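Novice: The coiled coil annotation in TrEMBL covers 77-118. What TrEMBL lists as domain 'C-type lectin' is 123-231. Per TrEMBL, transmembrane segment is recorded for 49-70.
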Amino acid sequence: MAVSVSAGDSEIIEVETNLSEDLANYVNTKTNTAKKTVAVQKSGTAGKMLYILVGVSFGLMCVLQVTLNISLRLAHSNFLEEQIKWLETSYNNLTEEKKQLQISYNNLTKERDKFTELEWRKFNSSLYYISNEYKTWEDSRRDCLKRGADLAVINSEEEQVFISQLNTKPWIGLTDKDSEGTWKWVDGTPLTTAFWFTEEPNDGAVNGEDCVSLYYHTESALKNWNDLACNNTELMWICEIVNG
Ligand SMILES: *[C@@H]1O[C@H](CO)[C@@H](O)[C@H](O)[C@H]1NC(C)=O
Ligand SMILES: *[C@@H]1O[C@H](CO)[C@@H](O)[C@H](O)[C@H]1NC(C)=O
Ligand SMILES: *[C@@H]1O[C@H](CO)[C@@H](O)[C@H](O)[C@H]1NC(C)=O
Ligand SMILES: *[C@@H]1O[C@H](CO)[C@@H](O)[C@H](O)[C@H]1NC(C)=O
């Protein structure tokens, strides 16, 4: 500030002018400083907010990351659990299947043994069982049925010859017990080709003879049938499984 010390109005005015100029400058400077301060303060707030925003974002990202990690871990462990469950089921299924196969195998082995043991014989498409006991015709038939078979039904010369070679005096599945003189096979078919022995059937016993057996060692294997009393207990029997 210029201060001139002299007497006179003009000088005083000059001093005053200078003073007001200085005052104006001072006010200006102050105002600017205040403005700057405000600006600086304003920019400080924005920075803080940005800082907070970044912080919050970072925090959110961390939370997201953790959530994602946990989710993945859970998903992965769920997937593993599912896989383990599937493998367990597979294993149990296979074990069960193995058990079933073992049972089937044992069943079949038993069946095969039963057939070979008890001398089932194959001819054409049938299996034949020759008894080693003696029973009535009815009891013989019952035994065959129990074996999943029936008394033999003879459909051809070849079968007649085959059966003739098997045993002494066996019962076969032929009877006229339902209607005298009307011979019927156990499978329900009527008799068409017969191989009766000489002068048979004769229904010779007191109470009749309604069941058929084969004589042993006749001259011809094509002439050996004989009717006998069905309750005769001195005969063996032959069972047949058709298509066995
Ligand atoms: C196990 O067996 C069940 C029933 O037979 C079947 O539905 C399932 O698909 C099987 N599972 C596997 C894994 O083999
Ligand atoms: C095995 O045989 C038994 C009795 O004979 C029967 O109950 C079962 O069903 C059979 N199992 C198979 C798999 O053939
Ligand atoms: C063999 O079996 C078939 C069917 O049962 C029959 O048609 C055929 O006459 C039989 N052949 C002999 C030689 O017994
Ligand atoms: C067969 O039955 C008749 C009566 O129906 C009887 O007289 C006879 O003694 C019986 N024969 C045998 C071997 O049981």
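Each residue, glycine too, has its Cβ placed from N, Cα and C.
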Novice: Counting only residues 6 or more past its boundaries, what in the same chain has a CB within less than 8 Å of a CB in the coiled coil (77-118)?
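Specialist: Counting only partners 6 or more residues beyond its ends, the coiled coil (77-118) has Cβ contacts under 8 Å with 127, 129.
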Novice: What are the helix, strand and coil residue counts for the domain 'C-type lectin' (123-231) according to DSSP?
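Specialist: Within the domain 'C-type lectin' (123-231) the tally stands at 18 helix, 27 strand, 64 coil.
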